Amino acid sequence: MEGKEQTDDEVLQGMLSRRFNYAKAQRTSTYHHSFRTKSRWELVRLSLLIVGIECTYATETAFVAPILLAIGLPHTIMTMMWAMPPIVGVLFVPVVASVSDRLRFSWGRRRPVLLVLGIAMLLGMMLLPHGRLIGETIGLRSVAWIATITTIGLTTTDFSAEASNGLCRTYAMEVCTIQDQARVLSTMMLIGGMGGMLGYMFGAIDWSALPIGQYFESNEAAVFTANWIVLLVGLVNTLSSFAEIPLPVQERDELLRPVTHWMLQNEVKRIRGDEYAAQTTLTESIGFRQFVRNTVQMPRSMKILCLTQFLSHMGYLPYCLYFTDFVGAEVFNGDVQAPEHSAPFVRYEEGLRFACWGMALFAGCASLYSLVIEKLIDRVGARPVYVFGLMVHCVGMLAMGFLRNKVIVLLCCSLTGIMYATIYSIPFLLISHYHSKNSFHMEDGKFVESSTPRGFGADVSMMSSVLCLAQLIVSLVMGVLIDAAGTTTVITFVAGGCSLLAAASAMTVLYMGL
């Protein structure tokens, strides 16, 4: 048979071509874009929400700790305030992803949830820098109330950003062909890094010295307002980029279902005369009970991947959350709780802006490394790239802790950028790879097909859940360690140790030839 001579790529092109022409002939639908290759600009537009999210992360990590310390909170209490978002995230991020897997709205499954989360992020960003002003306006002037209002803004923003991060990637991969999925992930990593760099550069600017600064009550308020605008533009552009194919339409019409790796494998089997080729079904829309079962009874490969991602975030988050305070206090010998305009306070402010430039360098390096990480994986394989990305962060953190030099700080920030690009690309590629094979373990070098349906969106959300768990632990423990040691330098040693453990765990991850 002639069909036996077709390669997998030729079979895929035939499937996409049939569905593209069929969808285009349906005058009432605009779904044909799901069956064609996207241009680079279209991938950028799909990724603009990630720019806003990364910009938000940057502003949060640079300013939340100084804002809470300036209120008058000690390090132990300040770090515990960071525990609220991960508590909410661990409980509800997987639930949000599971609900989105089953939504039957005409607007799709992912975009309605992203819209709600985006609005919540925008509201949280309005609360965060204005906790003191809001408290004084409504008569709640105590430190406890001001800290509570600020924490509500932090929790709303951080939870919504984390839930949106995974869902945005899921949405983008679902409206792209399977050939474009790696491209859209690398595009998100590239311009997401630019978003982070933009957020840190906002923080590095002395807004009070600019004419526009007179319109804001503080430097922090100006930074958060600039971030708010970036987030709004990214949200509108991504949600208006491409229509999703609603779940009822996919159930009703097989030719309007996005082509998945599983469907491609079945088609190849059918063409080659495999009488056991499975009928194409929708396996991603799983019920909540099945979702809970999948979470509790994860395949060993997913457990190891989640453990590696958890340890990776345990290595990254101490740097991410407390770096600006470390630079202001230890590198510049400043004090955020000193009287305003005093020499220690001024040195701390200078250190804060210097730290923002360092984190802008970190975000820029993450973007640049994301351009080559796919080529590196093709050349040497995912395992060496994964382990290398984690080890350079380990070395950088230890060097920063021992030397505390401005030049070393900037150099180590660039190394952390390599690690960040690694942990936000390879785990997602591996999950896509597992689902593409419908296999989560191997025997005698062969893929073993899974008989249990697993939601792709829910599995992607597990990466967000382990981030929330890591942030919870870091938030509860790090302040105690800092107060016990009497120095924020301890964050660098914790980060280096956890990254070393993550690299060891990455050696045992199932790569399936990636």
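Every residue, even glycine, has its Cβ placed from backbone N, Cα and C.
Automatic, uncurated: that is what TrEMBL annotation is.
Per TrEMBL, these features apply:
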- 46-71: transmembrane segment (TRANSMEM)
- 77-100: transmembrane segment (TRANSMEM)
- 112-131: transmembrane segment (TRANSMEM)
- 143-161: transmembrane segment (TRANSMEM)
- 182-202: transmembrane segment (TRANSMEM)
- 222-243: transmembrane segment (TRANSMEM)
- 352-373: transmembrane segment (TRANSMEM)
- 385-402: transmembrane segment (TRANSMEM)
- 408-431: transmembrane segment (TRANSMEM)
- 460-482: transmembrane segment (TRANSMEM)
- 488-512: transmembrane segment (TRANSMEM)
So which of 143-161, 222-243, 352-373, 460-482 is most in touch with the transmembrane segment (46-71), counting Cβ pairs under 8 Å?
222-243
Mind checking which residues reach the transmembrane segment (488-512)? Cβ under 8 Å, same chain, six or more beyond either end.
75, 300-301, 304-305, 307-308, 311-312, 314-319, 322-323, 325-326, 329-330, 381-383, 386-387, 390-391, 393-395, 397-398, 400-401, 404, 419, 430, 433-434, 437, 439-442, 447, 478, 481-482
Should the transmembrane segment (352-373) and the transmembrane segment (408-431) be scored as in contact, given a threshold of at least 3 Cβ pairs under 8 Å and pairs 6 or more apart?
yes
Hey, does the transmembrane segment (222-243) touch the transmembrane segment (182-202), meaning at least 3 C-beta pairs closer than 8 angstroms, sequence gap 6 or more?
yes
Same-chain residues at least 6 beyond the ends of the transmembrane segment (385-402) with CB under 8 Å of its CB atoms are 308, 312, 315-316, 319, 373, 376-377, 408-409, 411-413, 415-416, 418-419, 421-423, 426, 489, 492-493, 495-497, 499-500, 502-503, 506-507, 509
Cβ-based contact of the transmembrane segment (222-243) with the transmembrane segment (77-100), 3 or more pairs under 8 Å:
no
